[in-house]
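Features as listed in Swiss-Prot:
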| type | residues | note |
| --- | --- | --- |
| ACT_SITE | ASP11 | active site, proton acceptor |
| ACT_SITE | ASP132 | active site, proton donor |
Amino acid sequence: MNAFTLYPAIDMRNGKCVRLIQGDYGKETIYGDSPLDMAAQFAQEGAEWIHLVDLDGAKAGRKVNDRHVLDIARQLDAKVEIGGGIRSEADVYGYLSQGVDRVILGSSAVSDPAFVKSMLKQYGGKIAIGLDARNGYVSTEGWLETSSVRAADLGRELAAEGAETFIFTDIATDGMLSGPNIESTVQLAKATGKTVIASGGVSSVADLKALARFKDAGVSGAIIGKALYTKQFTLAEALSGVKDA
């Protein structure tokens, strides 16, 4: 039986742990001064994975908070995945060769598909594809741009090129604590035939259990952000809730 994996999220901006609402850089709340301390706390509570986002990097198109990422990867036993501003093979190799377990490529899947396909060929399962969608269409550049590419179509294309893991974010629900978009997440898993990690909108352990019901359809886990920071539930409660799901 496949386990349903939880990914506590740390979004980094100016070296701090923050949350944005629907990706709006003007709607920021700071939750901590040290990404490493936050990650250590999640690991202590039982996290097997930590999901890191370099928000400055996503906006700038280059790595910005990489020092914090590598500190976490080197000092903690939990596995680490990172997205945001990764646009070159040097970036990908730099992270993977220094302890990061998985690199998430998002905007470049639309803007530079040849690069993404080449990275999939070279690094396989160590690359995850981040598909952030607004009304079914992929958004790029830290969600500042919406493309004319449908998430399901891009997912299918990249699955054929070797993508094994997708991270699907429904922007409308992100940071809103309004419940995840289960339907679109399951649709992407079915369209690609691969595993999809759900992101955005989780507000309760019940939401996580609802997602976990679809793990046999390919929904392999969920990223949790704001719900943990606003203490809707603890990570320990969440892990216990999905253990038998």
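Glycine is treated like the rest: Cβ placed from N, Cα and C.
Remark: the residue listed as 'active site, proton acceptor' has CYS17, VAL18, ARG19, LEU20, VAL53, LEU55, GLY225 as non-local neighbours, by Cβ distance under 8 Å and separation of at least 6 in sequence. Taking the Cβ of ASP132 (active site, proton donor) as centre and 10 Å as the limit, one finds 25 other Cβ atoms among all the protein chains shown. According to DSSP, the residue listed as 'active site, proton acceptor' sits within a strand segment.
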